[in-house]
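Asker: Got these off TrEMBL a minute ago, pasting:
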type	residues	note
COILED	105-132	coiled coil
COMPBIAS	15-30	compositional bias 'Polar residues'
COMPBIAS	37-48	compositional bias 'Basic and acidic residues'
COMPBIAS	56-65	compositional bias 'Basic and acidic residues'
DOMAIN	50-108	domain 'BHLH'
REGION	1-65	region 'Disordered'
Amino acid sequence: PALFMENARKGSIVSRANSIGSTSASSVPNTDDEDSDYHQESYKESYKDKRRRAHTQAEQKRRDAIKKGYNDLQAIVPTCEQQDFSISSQKLSKAIVLQKTIDYIQFLHKEKKKQEEEVATLRKDVMALKIMKVNYEQIVKAHQDNPNEGKNQISDEVKFNVFQGIMDSLFQSFNASISVTSFQELSACVFSWIEEHCKPQTLRDVVIGVLHKVKSQLY
């Protein structure tokens, strides 16, 4: 009985100790959970900071690229360097740089078109000169093959008729194209007439027409 009473007393003490420990444990805050929440919140804030920093860097790069583009335009476009007196002490705005760039591109397009037209005209002149060259080579070859053929058969009168026919044709176009109201207008008309009616191909057609006419009169 004494041993039984001693064991019962010890069991009661252990039971009360467990009860007190359980109550104490329930009253103590969960430090592990709080640490986990704290680290998670810190991670979230760090991630937001990284995203904000990355966005700021990307935005800065974009602005630097735009600034460099405008600086390159000002260096390339000649008119951006020729500032007006009223804004010579001010920095060109982006709108002015863009407008001057557009104007310069339009100017280059016009110059390109003008040069293409000039090249086309020169190609026509070259073609006409090649045709005249071939004709003269044929004349020289025919004369070399038959040096005595046609000698003393063409009179001076026929030569004069050919020359007169060519000059008459040119004078008709000259008289129809020239205005003599002022010397300036006369000069402009003369140059315009030369460019239009004195091209190799035009002169060739005139000479051929005159020769056919003289030939029909002779034969």
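Glycine is treated like the rest: Cβ placed from N, Cα and C.
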Asker: At a C-beta cut-off of under 8 Å, are there same-chain residues at least 6 beyond the coiled coil (105-132) that contact it? List them, or none.
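Answerer: Distal contacts: 199-201, 204.
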Asker: With DSSP, how much of the domain 'BHLH' (50-108) is helix, how much strand and how much coil, in residues?
Answerer: 48 helix, 0 strand, 11 coil
